[in-house]
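First the structure, in the form of structure tokens, and then the observations on it.
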């Protein structure tokens, strides 16, 4: 407006010089405009800043409280604590382990607290030495391809900067990882070594938990030895007091107004009724299900193509990102718990932390009904850990049930064997335990305290924002299997999604809370760079987005590099997902080559790894001679490992290198993001 107005003034012919010149007027307009925008933008920012904080109400600190309490040292000193347990957690397990350690500290006269490094000023670690007999413990998970969890990223970067001087800090580290991944427990190992390099004192050797085996066993074994080292280091003894004291007390909320009761929201009351951008882990977007169709052509298994409608949400994603889906437990299982415990599931309650200084006032959004807690907030389908077995002992009226629980809660070889066989191998969840040990009748509020939080489920996005800017696609196999006890276990998220079928326009569409999690799984910056994609089964998901994006570029007239896809499934006529789409991309030239392996369409099983071995020349041509990129998506336990071995072998043979040189070559590819994996176990 100022420019056009200025032009008009400058082009006006005047015969007499006015008191106020054209330049003066233009400057005046500019000043007024700037002042106007400055004032209203400031006002808008002020308003938005009041709305921005999303807190678990009231189960976490508000932004103001977080700021004032960011110094965990002050809290330790003011409350007479000497033990702080930090957690780096993506799924909640590390946070759970941290809580168990902090709770046990009381047995050794070390009053403890749990802390989220993201909410603390970690530079204050250097002041830990000012507290007598102090100890910092880190329960740290390694996420993705050797990355810190989101909440531990700042702490990790702070350690890398090298400015810290934690001399005098006493510490111990327990890592949570998975041996099927190449970067097993990489972050925990780095933190343990880095703290020692900087001058801190390691009180106990690092513990490495393997989630692919029995991470509970790993943790319990490490924890027992940890306390032995703590006693030796500080010259203290165990008090003998049991640590299974209630952390939360029950509060009757029957008189609370309905509008103050949580009904499944993750953090903010009525957040699904009044949606606010930005959407994240604590503030998901309630998305409509636009499409839900079956991809398998026949057979007794199911694979769903689901499209989430994000139109108007301002949510943005990149090809290769993940979408998090917040599930809910089946009403059948929830009702079963109420029936087994003879409890009123519609009673309104709250659990209030007995530690008034704790930042976690509640274990989940409170107040709510028991039905809401068991449906939206608590994990009732996973295998309970040994500490839950221990806490259930007091509720068993039958001596046989008591003895069984005591055995499984113990760390003896017999106890570990029983826990592994009865809980893990037979895949029992809390409902099954209450059914099979009928004398065990825990108070429902105590059970709600013990059970871990229900976590969101992550899916690779199988679409490109260039082609689908207003929707997010996923490809999900329905999880449904029979256990050795002849029970049918169902995947929490996929079975919920299977029920969310879009209706006609006259009826409300089914919805589910989602948010986008950023990924490092990315196409090369240049569209001309050749790529190889290896994705059997639903591992095809992100590559569907990759192909869409390259196809979009081709249609715009840009040059695109070779795209080679390796896909495998059981039978061509049964579970060849997106067959028509892929064949069309081959026909129009976007997909250069499509290598297919149908494992059960011939007497001898045939997998994508067999095809890779057969196509060594093609592989080397792209990753060696043309500096192309290679991507793997799917099962980490066997497929991804086998692919890695084959690639190393190809590099050795075709690149004429030794085994050591080939390994270094592949390692360099990974560092350059030319070899990327998006895998799960």
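We number each residue from 1, going along the chain as drawn.
The backbone N, Cα and C atoms fix where each Cβ goes, and this holds for glycine too.
Here TrEMBL flags 89-94, 141-144, 176-185, 211 as FMN binding site. Annotation for residue 178 (FMN binding site): spatial neighbours 184, 210, 211, 212, 636, 681, criterion Cβ-Cβ under 8 Å with sequence separation of six or more.
With a cut-off of 8 Å between CB atoms and residues at least 6 apart in sequence, the same chain places 477, 478, 575 near residue 301 (NADP(+) binding site), listed in sequence order. Per TrEMBL, the feature NADP(+) binding site maps to 301, 538, 599, 600, 605, 606, 607, 608, 609, 642.
All protein chains considered, the CB of residue 457 (FAD binding site) has 20 other CB atoms within 10 Å. Annotated FAD binding site per TrEMBL: 457, 458, 459, 460, 475, 476, 477, 481, 491, 492, 493, 494, 680, in sequence order.
The domain 'Flavodoxin-like' annotation in TrEMBL covers 83-227. According to DSSP, the secondary structure content of the domain 'Flavodoxin-like' (83-227) in residues is 65 helix, 35 strand, 45 coil.
Here TrEMBL flags 282-524 as domain 'FAD-binding FR-type'.
If you look up TrEMBL, you'll see 20-39 marked as transmembrane segment.
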TODO: List the residues of the same chain that sit at least 6 positions away from residue 599 (NADP(+) binding site) in sequence and have their Cβ under 8 Å from its Cβ, in sequence order, or write 'none'.
DONE: 568, 569, 570, 605, 606, 607
- [ ] Measuring Cα to Cα, tell me the gap between residue 475 (FAD binding site) and residue 144 (FMN binding site) in whole angstrom.
- [x] 20
- [ ] Using Cβ-Cβ distances, find the residues under 8 Å from residue 459 (FAD binding site) that belong to the same chain and are at least 6 apart in sequence, listing them in sequence order.
- [x] 322, 323, 325, 474, 475, 476, 541
TODO: Fewest other Cβ atoms within 10 Å: which of the binding-site residues 475, 609 wins that one? Let me know.
DONE: 609
Open item on the list: Are there binding-site residues among 457, 491, 493, 680 that sit within 10 Å of residue 181 (FMN binding site), Cα to Cα? If so, list them; otherwise say none.
Closed with: 680
Task: Distant-in-sequence Cβ neighbours of residue 493 (FAD binding site), under 8 Å, six or more positions away - done: 325, 327, 457, 476
- [ ] Grab the NADP(+) binding residues from the record (301, 538, 599, 600, 605, 606, 607, 608, 609, 642) and give me their largest CA-CA distance in Å.
- [x] 26
- [ ] Rank the binding-site residues 181, 184, 607, 680 by the number of other Cβ atoms within 10 Å of each Cβ and report the first-ranked residue.
- [x] 181
